[in-house]
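Q: One structure follows; several queries about it will come next.
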Amino acid sequence: MANNFSQLAKKSRNELSSSKVKKEVIENPPLEIFKLGNDVLRTNAKRIGKVDLDTRNLAKDMLKSMYSAKGIGLAAPQVGISKELLVIDINFEDSAAEPLILINPEITAFGNTLNSYEEGCLSIPGVYLNVVRPSTIKLRFSDEMGRPRKMNADGLLARCIQHEVDHLRGVLFVDRVTSKEDLKTELKKEGFQMKDVFPISQS
């Protein structure tokens, strides 16, 4: 599942400061993660025109904040920045595994096989519900040096990428939950409200 991911990540090793982030929980992470109900989570992110040091430093701060929250993916809108930038690391426990940094990501193809799997979100802490998504995808993006890349992903990595790309379109995983009763129960339990959910068609 992670072969393609690992190859791409290794190409960035020793090149950039943004991937050199220790996988640890720090007391005061650099970025605040905004929660369900904040308007910034519902805006369309803007493409990044030039990948520069500021972009790489933002990715570095996003990784620090993601690791501190014990997450495996984070999108720039979640930290209040409406830019098309994602950081992903599905191997938090493996200190040698490199994170994946996706700039201006675009999913170019979805596989035909769908599966249901429990998802959570750093912007909706404590809420975990099943979401149906394609099990495989094809993706193109720019890496943190601004170089164009393509990759295939499946399993957890494919799901995580789809989840984070949704954030760039103002979509949250709770919008895709089909069991509204379960959703209402889980949101209420964690202090969130149904009025902040915008259901989308699964067809």
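Residue numbers in this text run from 1 along the chain shown.
Glycine is no exception: its Cβ is also placed from the backbone N, Cα and C atoms.
Sharing the features that Swiss-Prot gives for it:
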BINDING   Cys121, His163, His167  Fe cation binding site
ACT_SITE  Glu164  active site
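Context for these features, please: burial, neighbours, distances.
A: Cβ-based neighbour count (10 Å, all protein chains) for His167 (Fe cation binding site) stands at 22. His167 (Fe cation binding site) falls within a helical segment according to DSSP.
Residues within less than 8 Å, Cβ to Cβ, of Glu164 (active site) and separated from it by at least 6 positions along the same chain comprise Gly73, Leu74, Ala75, Leu86, Ile88, Leu102, Pro105.
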Q: Using a Cβ cut-off under 8 Å and a sequence separation of 6 or more, which residues in the same chain sit near His163 (Fe cation binding site)?
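A: Within the chain, His163 (Fe cation binding site) has Cβ neighbours under 8 Å at Gly73, Glu119, Cys121, Val131, Arg133, Phe173.
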Q: Look up Cys121 (Fe cation binding site) in the DSSP assignment and reduce it to helix, strand or coil.
A: coil
Q: Across all chains shown, how many C-beta atoms besides its own are within 10 angstroms of the C-beta of Cys121 (Fe cation binding site)?
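A: That number is 26.
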